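**Student:** In case it helps, TrEMBL gives these features for our protein:
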- 114-258: domain 'Phosphatidic acid phosphatase type 2/haloperoxidase' (DOMAIN)
- 20-40: transmembrane segment (TRANSMEM)
- 72-95: transmembrane segment (TRANSMEM)
- 107-131: transmembrane segment (TRANSMEM)
- 185-203: transmembrane segment (TRANSMEM)
- 215-231: transmembrane segment (TRANSMEM)
- 243-261: transmembrane segment (TRANSMEM)
Amino acid sequence: MSRNADDSGTSREENGRWRLIIQILVDLILLLAVGVPVIVSYNGGISPFQRGFFCDDNSIKYPYVDDTISDAVLMGVGFTLAFVMVIIVEVPRYMSSKLPMAKSRELVICVKSCCVVLLGFAISMGFVQAIKYSVGALRPHFLDVCKPDFSSVNCSLGYITQFTCTETKFSASILRRSRTSFPSGHAAFSMYIAVYLSLYFEVRCAFWFSRSLKPLLQASLFLFSVLVSVTRVQDHKHHPHDVIAGSILGIVIGLFVFKTLGEKAARSREINLFVPFLRKQDSVSEPRTPTPLLQHDRTSFLRLESQKSECNGNYSFAKSTPSPLITNEIEGRDGLPV
């Protein structure tokens, strides 16, 4: 029978290992399926909708300015911040686990949490790129980048759709991206990171030494997102409504990804960060207390209640007759002294 039990345990462990491998492979395939179209559109594989303009539209006459926070810097900071925070939260869990199975579980949770961050990024950028290339909204610096040949344009017609760009000092990538103003990808990504990490931090960890540190870190994430969004308006890369729409999209996707994927791993069990020995231990069954001791405890409780009544001014309970429970301890079956 012992051999059958060992074989059954080994079989379950093997099935669990294969199930985990299949889940990781499927998640990677889905991540590639969502991420590849985003990369293709970002690198010029897809052309945005060719939207026209009005000659008197002052909102697209701003000069071109280099990015204060470039795409590479934003993604580098965002992913580094996300992965570092996940590792800071999960490593104490891994170190505090005693059993090999528990350590494996914590390691899997850490890897899955990082994968969820990547999948959420791919989803958010997929929405952003799809909307950008479908709408084809012009950036505030469009006329400076394009320099339309106004000699062949009849502005009296109002909305101009037939024109030729004459500016040559800007690359084809900058010219193409000048038609992808709505919504702001910077605002969407930074707000997604802020929302997801704030919820992850709220559910997954607790600082025993400070109650204000966690909300301060969460507020710092949102401050970072707001500052990123402000730079996009200052750099003439987006209109204010582009940034607002991108922020709303990032909030929605952050909530969606956390509720559908991140929360399942985040609510496995809580910790006190950096102090694994303060983690609440599992309750151990205690032996039942003998009946006479229970009666004595109840007698003490009744006496305390009587004293409390006297302190509160309720004298009706102060001179009450002894409890039947006490009488039973000193009298025999027929009410006579023992």
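Residue 1 is the first one shown; counting continues down the chain.
The backbone N, Cα and C atoms fix where each Cβ goes, glycine too.
Nobody curates TrEMBL annotations by hand; they come from automatic prediction.
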**Student:** Does the structure show the transmembrane segment (72-95) and the transmembrane segment (185-203) touching, where I'm treating 3 or more Cβ pairs under 8 angstroms (sequence separation 6 or more) as a contact?
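**Tutor:** The answer is yes, given that the two segments have at least 3 Cβ pairs within the 8 Å cut-off.
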**Student:** In the same chain, who gets a Cβ under 8 Å from the transmembrane segment (243-261) while lying at least 6 residues past its ends?
**Tutor:** 116, 119-120, 123-124, 127-128, 182-196, 199-200, 225, 229-230, 232-233
**Student:** State the non-local partners of the transmembrane segment (107-131) in its own chain: residues 6+ outside its ends, Cβ under 8 Å from one of its Cβ atoms.
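**Tutor:** Distal contacts: 20, 24, 27-28, 30-31, 34-35, 37-38, 41-42, 78-79, 82-83, 86-87, 90-91, 93-94, 182-183, 185, 188-189, 192, 196, 200, 246, 249-250, 253-254, 256-257, 261-262, 265-266, 268.
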**Student:** Under the DSSP assignment, what numbers of helix, strand and coil residues are found in the domain 'Phosphatidic acid phosphatase type 2/haloperoxidase' (114-258)?
**Tutor:** 100 helix, 4 strand, 41 coil
**Student:** To what whole number does the mean pLDDT across the domain 'Phosphatidic acid phosphatase type 2/haloperoxidase' (114-258) round?
**Tutor:** 93
